[in-house]
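Below is one structure, written out as structure tokens; the observations come after it.
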Amino acid sequence: MESSILESIGVEIIGVMSPVSICMFLVVLLVYSLSSDDPFSSTDSTIRTAANLVYVENPSDSVSQKLEGALLNAVVFVILIAIVTFLLVLLYYYHCTNFLKYYMRFSAFFVFASMGGSIFLSLIQKFSIPVDSVTCLLLLFNFTIVGVLSVFAGGIPILMRQGYMVCLGIIVAAWFTKLPEWTTWVLLVALALYDLVAVLAPGGPLKLLVELASSRDEELPALVYEARPTVAPRNGGGGSALGLLITGVMEAEAESSSSSIELQAVSRDNVNENEGRGGGGNIDYSVVTMEDFRNEEIQSVRESEEERSPLVRNFREGQLSSADNGQRFDRREGEIAAEAMRRGGVEIADRGIKLGLGDFVFYSVLVGRAAMYDLMTVYACYLAIISGLGCTLILLSVCRKALPALPISIMLGVLFYFLTRLLMEPFIVGTATNLMMF
């Protein structure tokens, strides 16, 4: 029994770590492929972005100037993120959900078309790929439209949706690697601290979003990678019960699955009451039988998911133990969907583990920046990030609530980078050049 439980947990954790590893690996390949002589990664002309509004790093600046400028850039960037997050809270408070949905779709379209197109053109120029402008434009247009539909539309295969979510993370992370070195490291640490405060602090902006969503029993539009256990549906309604909690487009399916759980609990209570009364009372079998049939099918699928996913089973048991009926679980499911709105975070939902897209981006930015120095630092940072993600998943199963996934992994990654660069690499290079170690 222990081996089967460990094996199931391992499959679920691998389902999260595999796309993260793929995203980081492809970002490292882009960093190595796009050298400094192509337009995308040109170091001669630094692009002014929201992450370096105050200070533009120059190689001739002193260490104190670089550190002070990087701190100012990080503070300004975090303040801008906080302001935007509070603006999203206000929009959601005044029921501007449709605006949030369209904004996210436009953002994804811009990332695929503009930022992704720039990387695509850089690769064509770098490797001298023979392609005409019409074909290039057609390929980029198809990639963009299919990408937006795959991320936000319903009825899309889960593998295609996951693949385009990883592509979003790769494109954004590749652009973040263009930031100066000092600004990048200080910004990563600042974002990890902000993520910790914004998610767990009582007055944090992301905490306010959670409270609003839980009070309304609604979901927020979010870019979230879902690594759910793959379970085949038993009937036509199974696809609805296993619908994604990624965007607001899927709200109807999520609400139907939540109501199915509540109806199932009520139907069983009614049956038990009538059995206790000796079969007294009239029951409208024309309604109860159809609802019970549908709910039994959905409940059986969910129970089969729990058998394959001990993390999900433990999470649900921890939530249901403090309630007398299914309403507590429905409220918690709304909180889980609201937590996914934040930039980065990991959570156990009713259908498996979910990881915010921001985690993909900043994990890959850290590894991509390490790749600009040496492969040894890449290995060290990768192991640190994966170890931190594993620790976060363990804490997730213990705390049984959504947690920020950036702090542990980012702190370990930054620490391992500087330890490897300052201590480990000089030692290994020195011993290897003196023929003391091969």
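Note that Cβ sites are derived from N, Cα and C of the backbone, with glycine treated the same way.
Quantities reported herein were computed from a predicted structural model and do not represent experimental measurements.
Annotated features, as they stand in TrEMBL:
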type	residues	note
TRANSMEM	12-34	transmembrane segment
TRANSMEM	70-94	transmembrane segment
TRANSMEM	106-125	transmembrane segment
TRANSMEM	137-156	transmembrane segment
TRANSMEM	185-206	transmembrane segment
TRANSMEM	376-396	transmembrane segment
TRANSMEM	402-419	transmembrane segment
If you count CB pairs under 8 A between the transmembrane segment (402-419) and each of 12-34, 70-94, 137-156, 376-396, the winner is 376-396
Counting Cβ pairs closer than 8 Å to the transmembrane segment (70-94), the top stretch among 106-125, 137-156, 185-206 is 185-206
Ranking 12-34, 106-125, 137-156, 185-206 by Cβ pairs under 8 Å to the transmembrane segment (376-396) puts first 12-34
